[in-house]
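All remarks here apply to the structure that follows.
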Amino acid sequence: MPVLQEKARNLITWRKKLLVSSHDMILLVVGFLVVYHLFSYRALLHQSTSTTAPKCTPHTRLNEAVVLADDPLLARNNYPTVNPSFEHQINGSQAMVASDVPLCLTLGKRILIDGGNAADAAITVALCIGVVNSHSSGIGGGGYIISKLGDKYVSINARESAPQAAHKSMYDSNYLLSKVGGLAVAVPGELKGLSTLYETHGSKNLSWARLIEPVIELCERGFQVTPVLHDALVAQLTLIFPRAPQLLYDWDFIFKHNGDLVEVGDWVRRPLLANTLRLIANNGSSDVFYDPEGPIAPHLVRQIKKLGGVMEAEDFAAYKVEVEEPIKKEYLFRDGKKYTVYSSNGNSGGLVLHGGLNLFEKLYKGDDPLDLHSHKIVELMKWMASIRSHLGDFLMNSTARAMKQQLIDKYTSNQWAYDVIELGDYKNNQTFPWKHYKPAYEVVEDKGTSHFTVVDSNGNAVGMTTTVNLYFGSSVYDPVTGIILNDEMDDFLVPGEPNAFNLTPSIYNFISPGKRPLSSTSPTIIVDDETNHVKMLIGAAGGSRITTAVFQAIVRVLYDDKSLLQAISYPRFHHQLIPELFMVENFTVWREELVQTLGTCIGSSQVIDSLGAKGHEFYQSGSVTAMNGIFWEEDKQVYHGVSDFWRKMGRADGF
């Protein structure tokens, strides 16, 4: 290990020569922004592969709009298409797994073949993603799970929680400490969430140990470094570790024997993590992970404290997941068909998603011209952002829980949606300034994630969104357990002056002991209640843009009659109310979609002009989210599985 540490120090010294010599910690923030833009700049270099659409002259509104390729995914492909290949739609009559890590869906499929159900496969897939895509997921983080077992549904909130020593002014001296180092770490929840899923919805045909064993073998055998993982490692090594070298010294698996950083295609092994997973497997549950005197938590606490944190082993012992009913509502979709939408509860984006669907159901007209249809989608995204500003962790006491239920009742009620429309708060011919949508508080921007979906041969289904927040979380790596710890404390808001829009930080998202920060994740299951058959599973990775991406995908498939392949590959919209910008993932490909739909360049220009006349200002955002899903085509009795190859090289597999 001393030789490896010396190699690491030498590598840091070499990397420093490429950087500005200043050690001002504020450069850390600049670094994050540079990384986001640098790796996504490639999006502007790619053109659509379309050969059918005519070439249109540049549109003035788009040509003059802001173009910023902000890529929270570090995605190599990083561009949508309106001509997706059918090789990216996998069909299966019995079961399906869709993930942004192809290696992991193979392990999940094997669990299903060996007699496991959707919950069993989800456990294996989640643990695998945390190994292969350790920059975005892992047992040092948390997540949200929605699961269907027969006619029973459950929403599991495994979001990380603040340690007992946390307080709302803990970052007053340096807010960057909420992003990296020990003070950024919240108590991990993923493993307890998976254990709870096994206890409540697991088949019990396969043991807990059997579900973990393939991931242990993967850690020991090794896996090849993917382009996505390599990009994230380069980002850390050039921008974070040189300014906080103490974070790097314990990282063993990211270097070759000569001290060089691993390259794409190199084999990486995780023997320390394998040992930890074996302890967890042999224990039969997650209890050994949270035992304050056990073989895992004390080591994590020691490393967290060494790097400036305040967590205690008792924080692990006190951690609990929240098991609730999903937020559900029946909606009338295209051609008069009704389905029930089940989405994650807690402080996730599930209620926000329902707010958007609730309004869209009342506004939907199948013969709307394309400009009006697009206007409706973006306007409702603005209302969704307003709803999100009212939310937070309402699990702290009975009064807060009652408040949460009031919000659920309000935004899922038909009356609220009709009031928005009938009182003129929505109009077909214009958009409004942000104040019109009545946001309550400043909205926090949460960070990257990973998502996967599973459905089994008995119609059981699981969707899970998992995260460690920023790339490699807090950059705290424990050299005993092999675990990378989250920086979920950065998703809280801190007290302060109103922001530039005179919105104050939400008291519901202030730091408090045991509290969980707000999240945009919204894993969703859509069911035909007449047959109790899953119609659609959908979810996404990508921080604050997750909920709007899921909303648009549901609209495209169940209202616009697009295929799941089209819904995931096509360019996406996003609006978060502030800034007041209609965000389009890629102007060029969006124009191609308009031309493909309308048949002419003139028609596409008219749509853009009409939206501009309603008051929308355009902005090219770059890659927005990576999505995956499963759709049941009833006529053919087949599942279609699609994962976001175009942004994160994902894949589906089934049988």
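Just so you know, glycine gets a Cβ as well, placed from its N, Cα and C.
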Listed in TrEMBL for the L-glutamate site shared with R159, T467, V468, N469, S519, S520, G543, one of D120, D425, D491: D491
Binding residues R159, T467, V468, N469, D491, S519, S520, G543 (L-glutamate) - maximum C-alpha distance in whole Å: 14
Sparsest Cβ surroundings (other CB atoms within 10 Å) among the binding-site residues N469, S520: N469
Binding-site residues compared (T467, V468, S519) - the one with the fewest other Cβ atoms within 10 Å: T467
Sparsest-packed among the recorded positions, when each Cβ's other Cβ atoms within 10 Å are tallied, from R159, T449, D491: D491
